[in-house]
Amino acid sequence: MSREAISNNELTEEQIAEFKEAFSLFDKDGDGTITTSELGTVMRSLGQNPTEAELHDMINEVDADGNGTIDFTEFLTMMAKKMKDTDNEEEIKEAFKVFDKDGNGFISAQELRHVMCNLGEKLTDEEVDEMIREADIDGDNQINYTEFVKMMMQK
């Protein structure tokens, strides 16, 4: 993808850096591509259970060159499109449920640490606390749905 195609999607350098980090979480063997197997591993770690057919569909949706895998350029295109989708409230609700393990309507530091750990992100207590602090508007040391939505919309 050309630089202008990326800039047409209006991704900031910071967003591209964040997506690079996310991409490397999916790209388990570090070969620069995401396979259906790698995608499945990450989705299962997030509590999803996609079928092989669903994984192929997800890859095919963004696999511009048709080689059966997603490279970083294709991943960026997918993320840029996702960010443009205004109808992502349902996705945000689903993401909140993934983090809110006990279903009490709040994401605690422990729940955040658990999900990040499943994603392969080993965070220190300080890093987890910092993430909570950044999103925690009312100062109760946990993230409610409204705070989560605000945080997701800022991305």
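Each Cβ is built from the backbone N, Cα and C atoms, and glycine gets one as well.
Since this is a predicted model, take the numbers as computed values, not measurements.
Features as listed in Swiss-Prot:
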{"type": "DOMAIN", "residues": "14-49", "note": "domain 'EF-hand 1'"}
{"type": "BINDING", "residues": "Asp27, Asp29, Asp31, Thr33, Glu38", "note": "Ca(2+) 1 binding site"}
{"type": "DOMAIN", "residues": "50-85", "note": "domain 'EF-hand 2'"}
{"type": "BINDING", "residues": "Asp63, Asp65, Asn67, Thr69, Glu74", "note": "Ca(2+) 2 binding site"}
{"type": "DOMAIN", "residues": "87-122", "note": "domain 'EF-hand 3'"}
{"type": "BINDING", "residues": "Asp100, Asp102, Asn104, Glu111", "note": "Ca(2+) 3 binding site"}
{"type": "DOMAIN", "residues": "123-155", "note": "domain 'EF-hand 4'"}
{"type": "BINDING", "residues": "Asp136, Asp138, Asp140, Gln142, Glu147", "note": "Ca(2+) 4 binding site"}
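Counting only the Cα atoms, the space from Glu74 (Ca(2+) 2 binding site) to Asp136 (Ca(2+) 4 binding site) is about 33 angstrom. Ranked by how many other Cβ atoms sit within 10 Å of their Cβ, the binding-site residues Asp63, Glu74 place Asp63 at the bottom.
Neighbour list (Asp65 (Ca(2+) 2 binding site), Cβ cut-off 8 Å, at least 6 residues apart, same chain): Asp71, Glu74. In the three-state DSSP scheme, Gln142 (Ca(2+) 4 binding site) is classed as coil. Sequence-distant contacts of Gln142 (Ca(2+) 4 binding site), defined as residues of its own chain at least six apart whose C-beta falls under 8 angstroms from its C-beta, comprise Phe106, Ile107, Ser108, Ala109, Ile132, Asp136. Calculated from their C-alpha atoms, the gap between Asp27 (Ca(2+) 1 binding site) and Asp140 (Ca(2+) 4 binding site) amounts to 36 Å.
Sitting within 8 Å of the Cβ centre of Asp136, Asp138, Asp140, Gln142, Glu147, and not among those site residues for Ca(2+) 4, are the Cβ atoms of Phe106, Ile132, Ala135, Ile137, Gly139, Asn141, Ile143, Asn144. Non-local neighbours of the domain 'EF-hand 4' (123-155) in the same chain are 15, 18, 83, 89, 92-93, 95-96, 99, 105-109, 112-113, 116-117; each lies 6+ residues outside the stretch with a CB under 8 Å from one of its CB atoms. In terms of DSSP secondary structure, the domain 'EF-hand 1' (14-49) contains 23 helix, 2 strand, 11 coil. Cβ packing within 10 Å was compared across the binding-site residues Asp100, Asp136, and the lowest neighbour count falls to Asp136. Taking the Cα of Asp102 (Ca(2+) 3 binding site) as the reference point, the closest of the binding-site residues Asn67, Thr69, Asp138 is Asp138. Listed binding-site residues: Asp27, Asp29, Glu38, Glu111. The one with the lowest count of other Cβ atoms within 10 Å of its Cβ is Asp29.
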